[in-house]
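Working notes, beginning with the structure itself.
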Amino acid sequence: MTSHPVLQDARPPAVGRPMRERAWSLPEVRWALAASGLFGCAAAAHLLGKPAWLYWGLYLACYVAGGWQPGLDGLIALRRRSLDVDLLMVVAALGAAAIGQIFDGALLIVIFATSGALEALATKRTEDSVRGLLGLTPETATRIGDSGEELVGTAELAVGDLLLIRPGERIGGDGVVVDGASAVDQATITGEPLPVDKTAGDEVFAGTVNGTGTLWVRVQRPSADTVISRIGAMVAEASASKARTQLFIEKVEQRYSALMVAATIALLTIPLLLGSDLRSALLRAMTFMIVASPCALVLSTMPPLLAAIANAGRHGVLVKSAVVLEKLATVSRVALDKTGTLTLGVPALTGIHVRPESGFGRAELLALAASAEHPSEHPLARAIVAAARDAGLALRPTVSFTSAPGRGVRARIGDDTVEVGSPGQLGDDATVGQLVHTSERAGRTTVIVRVNGATAGVLELTAHPRDGAADAVARLESLTGTTPLLLTGDNPQAASQLAADVGIADVHAALLPEDKVAIVRGLEADGAAVMFVGDGVNDAPAMAAARVAVAMGRTGSDLTLQTADAVITRDELRALPAIVALARRARRVVTANLLIAATFIVVLVGWDLLGHLPLPLGVAGHEGSTILVGLNGLRLLRDRTWSA
Ligand code: ADP
Ligand code: MG
């Protein structure tokens, strides 16, 4: 957990700290303010006709305040044989001072420091919102044991422990409320600012803050598995990658800068050789160097992308890198998994059919199936386990558990081998076939339970679509201009039923994980940029094959969270169209920025070479475009995309 810059900083999370205080904590901001202040004093002294030593001194102090850091960074970069635009700016300002244009040079430094501070501020806001999601689980929790209350480390908490959560306390584990009522502030993992009411039966999450009530919570996940620690580990792993556009610009920047320095030297020496005077040759060369610098180009890409990533993070969408955001903007086809993605995390068990010849009772069959499913993280498995618990059935220990994604599970329970899984995969005889057929025609999901190779019965499950599923599908359809696809391992009838409920016309059912991959590959081969949305281990291969993959953060398995490019921490489907729309907005801003930057450079350089561009105008134009581009990027911090 050390590679991510966000995590190296051990200061407490800055979420909610006022912007002013946050800005003040940045050295870039403090130095920029100092440079501006000194510039103001110097200019005043200059205009009021004070002695030259005074305002020169103040101007030079302004140079130092605004220029030492970029200058130093530039020199360090130079030692690694890379040419930094920052260094060019400092050299240009020093050149301006050398030819007596100290006012213009100092102005250049001030505006330069200001745009640097703006950039630092944008980066900081991004880091703050990501950090808000991380590492906020408290160290200890109050556990109610046999001997009463005891304070234990949250790392030691086990599934089934009962926790007492006092008012105002940060919750130590993921679990279910068994008693009490309170409003819980879940902003740390969902980004949602309003507290959510919790009573018995509701889920609570580690790292969220209890309001004024007291809660008793039964721990449901081991501490390494909580939503917040999984997301944290994932963010830590994602390297602070750079956007492709940015990498391209940086590659070009090196050659461009070298060319620019050569041109500046030529602009200085050729007129001198032709007999021009030193001062005017220097002035021209300096002006050229300033206006030709690619500062605005360099600032065009990352600030907008980072601002968009911060914005998404505040709304519960974790985008793993800037490259992902670039890819999200290109999405032209959306493929969605069914169980756990379009449907709620845990379906309901709606029927138990025992095969009479098997000799099992209904409760016995359910208990066997639940015992076999207990180790599985699949939504169907959780539904079966929950149904057995609700019926008060005791689960039996399992040995040699194996699960085949998209097929089912197998385990040894006592002397029996129990298999629970898809009818298509486990095979069936005529009576069972009839049973399965009837349930499936009614749009149910069915799983077969086999004991020692013989079918013992069929379990019938119904899953409801998540809130807003139909809306999300419709918005995705209008954004991409293509029909979303439903890809599921479930039976065709259950799939069609759900597809009809949420408005998907293109349904592919009874798929194994490799079939999902084949469909995604086929679409990509036809030129589509596929976004795959899923939650299960069975979706991971298709996620890897898709252009960009999104996982459901709460129901999603570890593997899915790792494979995914972005994670929806709130499991809200409306975040899907929102993130695509945001990525497209970011792409538009980047394109506009690149155009603005390039236009300014071309016009100002052309003017300087062909006509006579006054130095102050050159400085104003160059720095103006840099700041314009920087501010344009910050617009993406605004919430617009999410309100729709
Ligand atoms: P989806 O693609 O809709 O998310 P899966 O591919 O995970 O569905 O599962 C496909 C089918 O495989 C399920 O409908 C079920 O019949 C069977 N199956 C997969 N995992 C399990 C499991 N743990 N227990 C029972 N059945 C399972
Ligand atoms: Mg699934």
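Quick reminder: no glycine exception, Cβ is built from N, Cα and C everywhere.
Range annotated as transmembrane segment by TrEMBL, chosen from 53-71, 566-584: 53-71. Among residues of the same chain six or more beyond the transmembrane segment (589-607), those with a C-beta under 8 A of the stretch's C-beta atoms are 245, 288, 291-292, 294, 296-297, 299-301, 304-305, 613, 618, 621-622, 624-626, 628-629, 632-633, 635-636. Among the stretches 29-47, 53-71, 83-99, the one making the largest number of Cβ pairs under 8 Å with the transmembrane segment (286-310) is 83-99. Along the domain 'P-type ATPase A' (136-235), the predicted structure has mean pLDDT 84. Panel annotation: around the transmembrane segment (83-99), residues 59-60, 63, 67, 70-71, 73-75, 77, 105-106, 108-109, 112, 116, 253-254, 257-258, 260-261, 279, 282-283, 285-286, 289-290, 293-295, 298, 615 of the same chain, lying at least six beyond its termini, place a Cβ under 8 Å from a Cβ of the stretch. Beyond the ends of the transmembrane segment (53-71), by six or more residues, the same chain brings 27-28, 31-32, 34-35, 38-39, 41-43, 45-46, 84, 86-87, 89-90, 93-94, 97, 102-103, 105-106, 109-110, 112-113, 116 to within a C-beta distance below 8 angstroms of the stretch.
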